[in-house]
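See structure below.
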Protein chains: 2
Amino acid sequence: MKQSYFEIHPWALATHKFNDTTNLVTESLTSIGNGYMGMRGNFEEGYSGKSLKGTYIAGVWFPDKTRVGWWKNGYPKYFGKVINAVDFISVKITIDGHAIDLATTPYEDYYQQLNMKNGILTRSYTVVLSDTKTRINFSRFLSIKTKELAVQQIEFEQIAGNSTITVESQLDGTITNQDTNYEETFWEPITSTIEQNALFLSLKTKANPFGTERFTVSALTDLQLTVNASPQLKKVNDLLLSDTREFSLQEGTNASLLKRTVIVTSRNIPDSEHQTTAKKILADTANNFADLEQEQTAAWLKRWATADIEINGDDAAQQSIRFNLFELFSTYYGEDSRLNIGPKGFTGEKYGGATYWDTEAYAVPFYLGVSEPKVTRNLLLYRYLQLPQAKHNAAEQGLAGALYPMVTFNGIESHNEWEITFEEIHRNGAMAYAIYNYTNYTGDDSYLAKEGLEVLVEISRFWADRVHYSKRKKQYMIHGVTGPNEYENNVNNNWYTNYLARWVLTYTKHAYETYGAQSSVDVSSKELAKWQDIIEHMYLPADSELGIFVQHDTFLDKDIRPVTSLPSKDLPLNQHWSWDKILRSPFIKQADVLQGIYFFGDQFSFEEKKRNFDFYEPLTVHESSLSPSIHSIIASEIGEYDKAIEMYNRTARLDLDNYNHDTDDGLHITSMTGTWLTIVQGFAGMRTWNGELSFAPFLPHNWSSYSFHINYRGRTLQVIVSSIVTIKLVVGETLPIKLYDKNIDLTDTIKVSLK
Amino acid sequence: MKQSYFEIHPWALATHKFNDTTNLVTESLTSIGNGYMGMRGNFEEGYSGKSLKGTYIAGVWFPDKTRVGWWKNGYPKYFGKVINAVDFISVKITIDGHAIDLATTPYEDYYQQLNMKNGILTRSYTVVLSDTKTRINFSRFLSIKTKELAVQQIEFEQIAGNSTITVESQLDGTITNQDTNYEETFWEPITSTIEQNALFLSLKTKANPFGTERFTVSALTDLQLTVNASPQLKKVNDLLLSDTREFSLQEGTNASLLKRTVIVTSRNIPDSEHQTTAKKILADTANNFADLEQEQTAAWLKRWATADIEINGDDAAQQSIRFNLFELFSTYYGEDSRLNIGPKGFTGEKYGGATYWDTEAYAVPFYLGVSEPKVTRNLLLYRYLQLPQAKHNAAEQGLAGALYPMVTFNGIESHNEWEITFEEIHRNGAMAYAIYNYTNYTGDDSYLAKEGLEVLVEISRFWADRVHYSKRKKQYMIHGVTGPNEYENNVNNNWYTNYLARWVLTYTKHAYETYGAQSSVDVSSKELAKWQDIIEHMYLPADSELGIFVQHDTFLDKDIRPVTSLPSKDLPLNQHWSWDKILRSPFIKQADVLQGIYFFGDQFSFEEKKRNFDFYEPLTVHESSLSPSIHSIIASEIGEYDKAIEMYNRTARLDLDNYNHDTDDGLHITSMTGTWLTIVQGFAGMRTWNGELSFAPFLPHNWSSYSFHINYRGRTLQVIVSSIVTIKLVVGETLPIKLYDKNIDLTDTIKVSLK
């Protein structure tokens, strides 16, 4: 089942072989990004084999008309599409008239490496023509220091014979998406100029009937060579510019090319200033690769210093955790509160939309641990800035308050399945949970007191309107929802949703009582009384005989049987069973009741956790990339270590080993946080309930040790787990912590035996 | 709310005014058909105002690629589209160079009439030009005697001045559908010839990627004038032929044109024989309008003789029942067992697909009453012929047996909402019920014994596989269904579906025990035992406190409140509420529990019927055209006469008064049967349980009398209800019947007082 595309290496993805049949997967795996922009591992020189070209600019998208078989009242009018932006990495190469293309050109000594330490992607091979051999080394990265900057170096080493080499650097706006309807294109040309050694191309997204924001993206690129070659700059058409150089290379000599590109967008700079701004940024940039590389390495080093997880004894596990962290940071590092973490990041076009509840449920706890609080706060601010749109979404459904979208770019819901858009409303609770999580983790209540309270009150108003009172049962209920388990739709009283809604009302009421007086938010006493009534009379399905919470009203009437009862040919179910059969089966896509137990771990006993885990996990097919991590964490807590490790392996190398056979269209970015959570909250048992930091580590049997840093309330801690558990206070003041249920004041380093 | 488009008249739709703002509605209402083909009331001379052109040939369709936002396993690959066929009624007219078009031409004395007695549509007006006045009378019909024949007459009467008149008769294959995606067309030219006075055009549906049947439709048309005018026949292009005549008309003189068109299709005749066959049919046809009209009137008279319902005291009611009967017979009269009754008949393109469960539930009891048993038998044979496709549909869902489609042309499911296609499986029970209905009504068990048994066994195999056993409740359940109430989706244990499934198994088992030995069908004893186990342990949700059957598992947990609690601005809900709000509301689209009580009226007590009606009807918004009739019938039975009449009015003039504001895109053909059922089974209380015919009539307060004929087991009966109830045996042998619970041997005429 598992297939490895790159050699096992603690800090790199590297391969000595190019496999043309798996190029789509390796393109995904060698994606790089700097939060501002990113791209798949497409080849600079072009490639005529199977390839998904992808260059993406964060926050730049296009609204695509909603297409459904039958329209239903309330459907969003458009679907937000991640769109391919100007291709600026292209440098076509010919050697003695032969166009270099790995699909057709004879070559030897191939090597590709994504260096995760500094985010530099390199690739080299030796072109073997009849009388000559030329080695080409490509390097590229997207600058962490200057977000608008992309740097490429191409080195030529003439090994045998003499050659005439032509390089043609391009800015190519004739791009489209592979999933377009009827070959539509998204861009129209604004400006294209050629001067000195620079190409400048400015493109704008086409007008759309939905009145959403249009984006201008401009690229300025220059080219420097270490050999003499007069530039031939050319405007091929309004969307395509090129800069061609020709030079000769004698046997034993070298040449090197440096291509620097600056990308500016209307998201940050008015269109009229694009050219001058880009020029200024380029002028302020070092013009040699070595200096630029050094800056880049230093910037990544700083990130790794706090974020790295070191694993000894299992290089595959080591590689996978670093790969997950690397791609996460490449996608988002919290610089821009208008951005979020798309499900595919900069690695593909699938799904569309930039923002899912994955961010609040999975990414927030990760960024809290590995980065400054500001990063997480920006994720919260993103939702605060979209509060008006969330109120619009609720109103579209005829409901009060705010409903955050399932999928969006601009805050307006843009997904078009009623069972998701209209019904998977638990997402609204995750928004509130993230506020709690930030406040509780950081101890900083300033967001909660102001922006957070505004968001919480509107979310609570939604829930208070969305519940209904069952006169028969004398309890509040929530009918017609889809829980996190998307293998059931339109169920009644999903335990997770009901529990979460009740918690939101409780938390909001408490926050309002604490911070309401000083805020602009106004909640009437009648409204508060209504919330209290719902809190006291919310229906939560449970089964006393089994001692479990019940996923939803009629779940236990199903033909309950474990996944192990299925023939293996039926798995994954989503590829083999018709949708109706999946829906009425007892099989669960991802944590549902257990998601609630994970979120509110301080509110359930060990026995409750164990009974629910032992009941639900055997029914779970984990066909969502978000599933294994939550199960691993709970399995760790209840001492089911083998299951915890099985689930870790399933989440950690999901893309590296192409576990679900779908890495070709991009990486599973948001679920990558799960790998980190699995180690830190799972294996190391870190908890932060009620402002108290605690650990209860165990060591997977085939690891000799693991260690990581975390940020917590102004401190940096290092945790090292081998036969000894070591906790170091690296930065900051004394901190009371709990280790294996023992209270300790952490002042320097403590060591205890592994339990 | 109500708007009348035509004058009240017992046998006609007539108007003295042309209203250009409602032309789409009046085009729908003046649709004519002869079961083989049909058309909307488009104008022969063309019309540049709002119009939906529509000419349709029964059984001719095109598969349109399924379009959904998110693909789900098991979705049908294509959707069957009713397509516009060659427009053959077109006769463009110019008078002294002025092209006649009611949107621009000055005219007076407009009159339009659809004569329901003989199916002839006429229209006349006087064209008023500067110096001349010309009256034009259009007549057309589709022949009942010769199904391939369409007859048109246009008479010109020169009232003032002298004019030169040009008529241009066309065969126009350049037609498309208004709802096409990206202006796609469906037809390609095969042959077009011009000879003597005839045009011949042969078109074939385009190739499609789904490999479904392609259709060739050919039209042969000739033109005769009572004045001298030499023909100018012209091939405008491969898809458009024309025949132009020019003549002068002196004041006080007349001219008349007869256009006869013969339509043949590959459904009946090989392509190579189209032209000769069409010529032969045309040659065998009378070539004067008077003779043709007489044949047509005689043919309709025969239909009306048994089918008419006469109402005295309420002309609006009289008009509406005849209109419903007229349009039903125009759509289907049972001649071809490969055809069925589309939701819009020949009156529009909406919905697509030819066949819904409406046929078995609503049309079968109607055709049993008004026509020969052969008509209904052909409807049953239609499903028998599609049994292989029904088995395919079940297999697509991973289930045994046969699942009849929700929407289809060829037996393959072609609807693309999972909550309908995959889950509205009660339709499969209606197929079995129709077999029972036919057998019980006619007393003819020959269909049941052979074809019927094959169908029943495969349907039963589906149900036996589709139920699951709840170990907890120790009962069989059916999860994940949509009942007749489509304002709920994906519910568990819909009472109607469970009850129907159990009945199907019972009925099939009994039929197999009776007829199995002589048939080719083989059911093992193990399978029979399994069916028996399901029959004995099927779960049927009921509430003992309320004394009702429960629509589905959690229905009673809803916020139960009557429709009268809604502000009127919220109605109809389907135009004002978002889909999720509708789904979780207690409001019911159409009879659900009550549909079961209607189907199995002999299995429930008066009190059970009353309690369920009194509980469910107040929750019902009747936003399906199929809803009011069933409610009217049950209301009649339990003595709630005001409600019965209210519901009658709602069903009878649904289209005539454009009740739901959607008659512009076509008529609600299948629900028209409901009007007949409401009178015969409702007001007259006709029942046929267990082979016993019974009546229990009442008279709506504003009617002075009503009467109708029914066919029953070789007899024709006439029922007349005034202050006296008269039942006449018109044709056939003595028949034991029951009248108001009194057993009577009907030999001639009986009269009793109205109760």
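Positions of Cβ are set from backbone N, Cα and C atoms, glycine also.
Mean pLDDT for the domain 'Glycoside hydrolase family 65 N-terminal' (B:15-267) in the predicted structure: 94. Look at TrEMBL and you will find B:15-267 tagged as domain 'Glycoside hydrolase family 65 N-terminal'.
The domain 'Glycoside hydrolase family 65 central catalytic' feature in TrEMBL is assigned to B:322-676.
Counting only same-chain residues six or more apart in sequence, the Cβ atoms lying under 8 angstroms from the Cβ of B:Trp357 (substrate binding site) belong to B:Tyr404, B:Met406, B:His426, B:Arg427, B:Ala430, B:Met431. Taken from TrEMBL, the feature substrate binding site applies to B:Trp357, B:Asp358, B:Lys589, B:Gln590.
The local packing around B:Glu486 (active site, proton donor), expressed as other Cβ atoms within 10 Å of its Cβ over all shown chains, amounts to 20. Look at TrEMBL and you will find B:Glu486 tagged as active site, proton donor.
What TrEMBL lists as domain 'Glycoside hydrolase family 65 C-terminal' is B:686-745.
Counting every protein chain shown, 24 other Cβ atoms lie within 10 Å of the Cβ of B:Asp358 (substrate binding site). All chains included, 24 other C-beta atoms sit within 10 angstroms of the C-beta of B:Gln590 (substrate binding site). Restricting the binding-site residues B:Asp358, B:Lys589, B:Gln590 to those with a CA within 10 Å of the CA of B:Glu486 (active site, proton donor) leaves B:Lys589, B:Gln590, listed by sequence position.
Other than B:Trp357, B:Asp358, B:Lys589, B:Gln590, the residues of this chain whose Cβ falls within 8 Å of the Cβ centroid of the substrate site are, in sequence order, B:Tyr356, B:Ala361, B:Pro484, B:Glu486, B:Ser624, B:Leu626, B:Ser627.
Residue counts for the domain 'Glycoside hydrolase family 65 C-terminal' (B:686-745) under DSSP, split into helix (H, G, I), strand (E, B) and coil, are 3 helix, 36 strand, 21 coil. The Cβ of B:Lys589 (substrate binding site) has B:Pro484, B:Asn485, B:Glu486, B:Tyr487, B:Thr620, B:Val621, B:His622, B:Glu623, B:Ser624, B:Ser627 as same-chain neighbours under 8 Å, each 6 or more residues away in sequence. Reduced to three states, the DSSP call for B:Asp358 (substrate binding site) is helix.
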